[in-house]
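Enquirer: Below is one structure. I have some questions about it.
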Amino acid sequence: MTILNHTLGFPRVGLRRELKKAQESYWAGNSTREELLAVGRELRARHWDQQKQAGIDLLPVGDFAWYDHVLTTSLLLGNVPARHQNKDGSVDIDTLFRIGRGRAPTGEPAAAAEMTKWFNTNYHYMVPEFVKGQQFKLTWTQLLEEVDEALALGHNVKPVLLGPVTWLWLGKVKGEQFDRLSLLNDILPVYQQVLAELEKRGIEWVQIDEPALVLELPQAWLDAYKPAYDALQGQVKLLLTTYFEGVTPNLDTITALPVQGLHVDLVHGKDGVAELHKRLPSDWLLSAGLINGRNVWRADLTEKYAQIKDIVGKRDLWVASSCSLLHSPIDLSVETRLDAEVKSWFAFALQKCHELALLRDALKSGDTAALAEWSAPIQARRHSTRVHNPAVEKRLAAITAQDSQRANVYEVRAEAQRARFKLPAWPTTTIGSFPQTTEIRTLRLDFKKGNLDANNYRTGIAEHIKQAIVEQERLGLDVLVHGEAERNDMVEYFGEHLDGFVFTQNGWVQSYGSRCVKPPIVIGDVSRPAPITVEWAKYAQSLTDKPVKGMLTGPVTILCWSFPREDVSRETIAKQIALALRDEVADLEAAGIGIIQIDEPALREGLPLRRSDWDAYLQWGVEAFRINAAVAKDDTQIHTHMCYCEFNDIMDSIAALDADVITIETSRSDMELLESFEEFDYPNEIGPGVYDIHSPNVPSVEWIEALLKKAAKRIPAERLWVNPDCGLKTRGWPETRAALANMVQAAQNLRRG
C-alpha cells in the first residue's frame, strides 16, 4: 500500500508579488506580452522546485492562473462571452483579461464578467456566463502547455482540473433563461479531449476538483455526477477532490462514481476517517486533507498522525493539504519582525509542505519523534499568556441577554434621534471613506517607515480631515464623515489597535486578479488597550455644527477578513471583538459623537456552505453586532453598511441587528434589492445606494431622483436616506465632487416636492 504526499495547489503570486507587478505593468503598456509570460514561467518553475525541495511527491500543475482558475477553465472550454470575443474567433491572454477586468492592451473594452466569492473563502472567481445554444470546444491549452513545462523539468506531475459539474454550478445563465445543467453533455467531450491529451503525455493521476460535492445540492445536480463521470472514465486515474466541508451527506453519490480516489478535507469537514475507510470502495485511494490550506497555523502533527494512523496499510493513502495552499501566504522564513515565540506558532505554504513531508515519513516508518518536536511550539502555545487574557475571558463569560439589547425599541429611539439631529427629509450622507490621494498614502507610508515624526504626521492627517469636512459642507451634505485619511484598510486599522492581533510583512494572499491582501492574524484573546477612533472623530466634529459619524468596522467583518485562531470558536472571537468595540462606541458617545456606523459587509459572506448550518452562525453573528451597539443611548443613532446582492434569505437577521439606519448597495440592481425590505416590512431606516462608486461615471441629478422615487414606492419616504453605494476611497476627487453634488441636488429637489 503506497503512502505519498501532495498539495492541491500552491500560491501563484510569488513571494514579492511578482505576478501582480507583471500583470499591472503589462496592463499599463509598460511591458510586453512576452515579458509577462516569462514571469509566469519563472514563478511556476520556482514554485514546483520549492515544493519538491520541501519534500512533496506529486506536484500540482494547472493551479497557476493569469487571473483566476475558474476563468482559465472557462477559456479551456471555449466559453467566451460574445462581447469579449476577438473578431477572428481566436482566444489569447488579452481575451482572458477582458473577461476579468473589462479591458486589456488589445481588443475592445466591454463590461467585465461578474466576480463573486469562491465558496466561503476570501478569494474571488469570475462567474462563467451561459447563453442558450452555445457551443464548447478546446480553445485554451494553458494546462497542457504547463504540464509539458513541468515534465520537461523532470517533475512528478499531477494535473489539476476544475470538474465539469462544479464549473457549471458556479456559472449563471444570461439572457433567455434555461437550465444550465443541460449544458453538461456539451462540455464533456472537451474534458474527454483534455484527459486524452494528458494520457498521451504519460500522466497517471489527474486531480479533478468537484467542491460542489460538499454542498446541499439539488437532486438533479447530484444525479448528474454519475453519467458525467461515466463519460470521463478509463483514460487516466481520477482523484475526485473536495474541500471546505465534509462529504458524508453526499457519500452515496460519490462512491457510485467510476473514479480511482477521493480527496476529503479533514480539517473543515466532520467526516470520520474510520467511517470513510469503511464506506469507500476498497481499491480507492484516500487523499487525507490533514493540513489546513487556508490558515497560517503550525499543525499539531501528533494529532494529525493519530487521526490517520489506523488505516495505514489498509488502503493506498496520500496525505495532503485540506485545499489549495492558494489561501495561505508563501513563506514564513522571510518574516523578520515577528516575535520568535509567535513566529514558532505559524506555518505558511512552504512550511505546510514540510509538515506533509514529516507526516508522510512518520506514517511510513512509525517513528513519530520528528512530529513531536515539530508540534512542541503549538502545544506550548496553549498555556501562553499572549493567548489567554483572564479579564477578557471573564467578561465574555459574564455576557447576559441584556448586553445585546438597546434600552428601547426603534420607534422610541427614532423620536429621540429626530429631536436631537433635526435632519431634513431625504437626509444625505456618504458611507465613510473619501479619496485616498497620493498625498495621503505618502504621508502614511513616510510615518510607517520612520521618515516622518508623529507630530508632523498628525498635522498632515488633521489637514486632510479638515479638507474633507470643508468639501462636505460646501456640497451641502447633512451627515458628515471624517474621511478615514488615517486608515490604510478597514480591518487592518482596527487590528493594529487591538491586543490579540499580529501582522506580517509579506503575508500576502490573492483576492482576485492582481489584488492581494495581507490579513491580520488573531493570535489570542482580543481587547482594546486604548480608544482607537475617538480622537479623530472628535476633531472632525469640532470643525462643524453638522453631525459627524463615528466609523467602526464590525466584529464579524474583522473576524472574516483575518486569519482566525483555531483553538476557540469563531463565535468566541467575534464576541471578544464586539466587547472591545462596545467600549469604543461608549467612548465615541462620551466624546459627543451622536451617529456611529458599524460596518458589516462580511456578515453574509461568512455564512456556512450548508444552509442547515446558517441559523447557528446568524444567531451569534447578529448577537456580536448587538453587543457592539447596544451600549448606545436612545438618542445615539447606530448605522450599519452592507454590500450584498442578495438579502431575501437572511432578512430576519438583517432586521434583528436592530440598527437605526442600514445603508446598502442597490444602484447596480436598479433598486430591485429593496423588494426584500418591502416584502419583509423592514421597520427601521434605509439608505439605498444611489450610485455605483466602482465606476468613474458621474450620475445625473435626474437619474438619482428617478432611483429615489422608485425607492419611495417600496419604503416610506420618511425612512429613506440618500447616499452612494459604498466608500469613496478608490475614486478621484473630481468625479467624487461632481457625483455628490448631483446626489445632494436630487435630495433637495425631492424635498421641494
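The backbone N, Cα and C atoms fix where each Cβ goes, glycine too.
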Enquirer: Given that Swiss-Prot lists Ile431, Gly432, Ser433, Glu484 as binding L-homocysteine, which residue among Asp316, Asp587, Asp599 does it place in the same site?
Expert: Asp599
Enquirer: If Swiss-Prot says Arg17, Glu18, Leu19, Lys20, Lys117, Arg515, Cys516, Trp561 bind 5-methyltetrahydropteroyltri-L-glutamate, which of Glu176, Glu463, Glu471, Glu605 does it name for the same site?
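Expert: Between Glu176, Glu463, Glu471, Glu605, Swiss-Prot records just one in the 5-methyltetrahydropteroyltri-L-glutamate site with Arg17, Glu18, Leu19, Lys20, Lys117, Arg515, Cys516, Trp561, namely Glu605.
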Enquirer: Would you mind sorting out which of Lys117, Ile431, Ser433, Glu484, Cys516, Asp599 (the binding-site residues) have a C-alpha within 10 A of the one on His641 (Zn(2+) binding site)?
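Expert: Close binding-site residues: Ile431, Asp599.
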Enquirer: Of the residues named as 5-methyltetrahydropteroyltri-L-glutamate binders, Arg17, Glu18, Leu19, Lys20, Lys117, Arg515, Cys516, Trp561, Glu605, how far apart in Å are the Cα atoms of the most distant pair?
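Expert: Of all Cα pairs among the recorded 5-methyltetrahydropteroyltri-L-glutamate binders, the widest measures 29 Å.
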Enquirer: What are the other residues, in sequence order, whose C-beta lies within 8 angstroms of the center of the C-beta atoms of Ile431, Gly432, Ser433, Glu484, Asp599 at the L-homocysteine site?
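Expert: What remains near the Cβ centre is Thr430, Val481, Met490, Met551, Gln597, His641, Gly727, Lys729.
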Enquirer: Measure the Cβ-based neighbour count of Cys726 (Zn(2+) binding site), defined as the other Cβ atoms within 10 Å of its Cβ.
Expert: 24
Enquirer: Give the maximum pairwise CA distance in Å, whole number, for the residues Ile431, Gly432, Ser433, Glu484, Asp599 listed as binding L-homocysteine.
Expert: 14
Enquirer: Excluding near sequence neighbours, so keeping only residues 6 or more apart in the same chain, what lies with its CB under 8 A of Lys117 (5-methyltetrahydropteroyltri-L-glutamate binding site)?
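Expert: Listed in sequence order: Tyr123, His124, Tyr125, Glu605.
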Enquirer: Which of the recorded positions Gly432, Asp599, Cys643, His694, Cys726 has its Cα nearest to the Cα of Leu19 (5-methyltetrahydropteroyltri-L-glutamate binding site)?
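Expert: Nearest in space to Leu19 (5-methyltetrahydropteroyltri-L-glutamate binding site), counting only the recorded positions, is His694.
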Enquirer: Please work out which residue of Leu19, Cys516, Cys643 has the most C-beta neighbours within 10 angstroms of its C-beta, and give that one of the binding-site residues.
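Expert: The largest 10 Å Cβ neighbour count belongs to Leu19.
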